[in-house]
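Novice: Annotations per Swiss-Prot:
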ACT_SITE  Glu568  active site
BINDING   His567, His571, His574  Zn(2+) binding site
TRANSIT   1-43  transit peptide
Amino acid sequence: MLTRPAQNALLKSMQPLFRFRGCLLAKSTSTPRRDISTSSRKLAHPTTVPIPPSVDDHALVALLDQPSSFGIVSRLFQTQGGLFGHKELQQPSGFITLAEATLVRAQILTNRILRARESQDELRKVVKNLDRLSDMLCGVIDLAELVRNAHPDRAWVEAANQAYETLCEFMNVLNTDVGLYDVLKAVLSDPTIVQGMGPEEYSTAQIFWHDFEKSAINLPPEQRQRFVSLSSEILVLGREFLQEANTARPPASIHASELAGLKDKGMGARLQLQAQFTQKDLLVYPGSLQAQMIMRCAPAEEPRRKLYIAANSSTPSQIELLERLLRTRAELARLVGKESFAHMTLSDKMAKSPENVQYFLDALMDYTRPYARKALRTLSMRKQAHLQTPPFPTIQPWDRDFYCPPEPPAPPIPLPPLTLGTVFAGLSRLFYHLYGISLRPAECAPGEVWHPHVHKLEVVDEDAGVIGWIYADLFARRGKPSGAAHYTVRCSRRTDDDDEAEDGSIPAAEPYVRVSQSFESSKRHRVRGQDGEFQLPLVVLVCEFARPSVSSGPTVLDWHEVMTLFHEMGHAMHSMIGRTEYQNVSGTRCATDFVELPSILMEHFLSSPTVLSLFDVSSSTPSSAWQVGNHHQDPCHSIDTHSQILLAAMDQIYHSPSVVDPSFSSTSALEALHKSRGLIPYVPGTSFQTQFGHLFGYGATYYSYLFDRAIASRVWSQVFHANPLNRELGDKYKREVLKFGGGRDPWKMISHLLDSPWLENGNADAMKEVGQWRIEDEVGQPGRH
């Protein structure tokens, strides 16, 4: 797949919404790693006794919780030895040199592929060489993506941007190279070659084929040029749409009398004093702290109504911008012979078609609606009691937070303060119980990291040794992007059968080739128990936690931050365990509607007291400082889920054939959807769709998160819930799902994991079946009264 890495990199950079030196083989620790005996792996009863923390677990706590561990690396940061251990990246200009070298070597390999029809032997190597070509480019593009987002030095950021743009431009040229397409067509048309392919190789070939087809490669030159033009226009419109989606909406004008009786005695009292002093209406901006407080605490409906309407307003130009984006996508799909953008996008996803997505959403909506109606009835009774109205008044959108105020997420049981090091140690212990994999601190070489507070962790398999690396850039700093992200800087692939000698050579190009080869070869290692030599995965986890200090002590995480770490480490483990022979199907390089399953499933483990015991809660912290458990039922959880289903349905409508109708209106379509399927009334004059940025990043695939939540809930309840530390169950999940990355049909993985053969076809009935599974992920939802 030549397009997906670049596209993913671009989307990550646009979304506000997841890769070294050190020991290459497992070192013996001062005390043996704890062992799970054969008998304990085969426990029939539903409790596996947690194994005590290891030396490495204690080292994780010391590394991440002690302020002293942050001073010793500054020397390593200042002495330049090469970013990620690459001697080519000792200074920013090295990025430009590396990009140029990669271009030269990529062109040489491209020429080899174009000559492949000269011999049957070369045709058999086409898929391997296309994967090499993709990895050659993505290895630099993905690294540049991280650097331009996370590096604090502007010179490095600018160099990374230049390298990124240069290589993405070349990749776009390859995606429309008719010669490459014809060679791959010759390969897939030869039964003897196809029959000799393994499952991974065939999956990789199909990915390349679909990507070429999506690039209009088989169209006449004039239409191909139109495809390129439309694709560029979509990128421009998408950037503009995201900018407008994040533009502040106009303020609501609120009279002081409308704030009478505010339950908030802090900010609310100050607002009332301000209004009395100025003798003017208050101008409150949607999304501000004042607006959030009013939506939660204002007894009168009117100020909440005004703020809701202001928050969901749009200008005519903002609506037209979105509709231009939708129409342009529709034209692109029609150009390649697809009925709609959704049909084009979903052809290689688990859902396969918009019709199947609708089957899933309809089934999920039918299952969820009774629970949501019951929750709304509860809120209606609260409104009735508050306003002394006749029975069951209508709940309006602006009533939601007042009658069901949000709370921060909370653990299921009381816990002492969880430090960053303790949570990482708990993660390591969990991975060891499930997979025989643990995390171990590793030293950084001079110049290896981009900031002195970045730490490197080895990912160690009890049998195979080191299988990859995680760089943890965990602490907030000025200029660092907000939020959490998982960057795959280097994917796995087999390298001993690259056959580089047959690429050919050009004397003038030799210096460039050596630079590119040196960059690649530093990541190649043999793994115990696995045939061949492999490029091991390298991922970076970026967060913005507070830094430990002598005065304030170690970093203590809020519960939502613990959830974030578990989610992102689910992605990281997918990358580490999914070490395939082809980089295009390794780890998280899988279908959009499957990729979130491992990360969402990780959040479910936080609902288990057995798993929480791995945080080693036997501390001397006074119970008054403990995080309080969330014991109450959330009446609004089902309303949240129903609202998400409506958003996914809206996404499908906006990418359906109806968008090409001259009379199409995104606002009218949203209103019609609410009237036919909604439970809370649509408010005339509102147009939330212009703020829904996921319409660009996840166009026609917004259902994916709901879909993976449903599957993760099923996997948790049927596989792990009763015994979440059981090694046999972890091995089954690892064997049936994680190890394949994207190299196997996800439906086959899920059907085998759940022992449900009827799911394997992934047809409309399978989509309906998943839609009927209860989404049991309250652990990932804010608690509410």
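Note: Cβ is positioned from N, Cα and C throughout, glycine not excepted.
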Novice: Could you say whether, by DSSP, the residue listed as 'active site' belongs to a helix, a strand or a coil region?
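Specialist: Where the residue listed as 'active site' sits, the three-state DSSP reduction gives helix.
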Novice: Based on Cβ atoms within 10 Å, give me the single least packed residue among the recorded positions Glu568, His574.
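Specialist: Ranked by other Cβ atoms within 10 Å, the recorded positions Glu568, His574 bottom out at Glu568.
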Novice: What does DSSP assign His574 (Zn(2+) binding site), in three states?
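Specialist: In three-state terms, His574 (Zn(2+) binding site) counts as helix.
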Novice: Other than its own, how many Cβ atoms are within 10 Å of the Cβ belonging to His571 (Zn(2+) binding site)?
Specialist: 23
Novice: Between the residue listed as 'active site' and His574 (Zn(2+) binding site), how far is it from one CA atom to the other, in Å?
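Specialist: With the alpha carbons as reference points, the distance is 10 Å.
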Novice: List, in sequence order, the same-chain residues at least six positions removed whose CB sits under 8 Å from that of His567 (Zn(2+) binding site)?
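Specialist: Looking at Cβ-Cβ distances below 8 Å from His567 (Zn(2+) binding site), excluding near sequence neighbours, one finds Ala484, Ser599, Ile600, Met602, Glu603.
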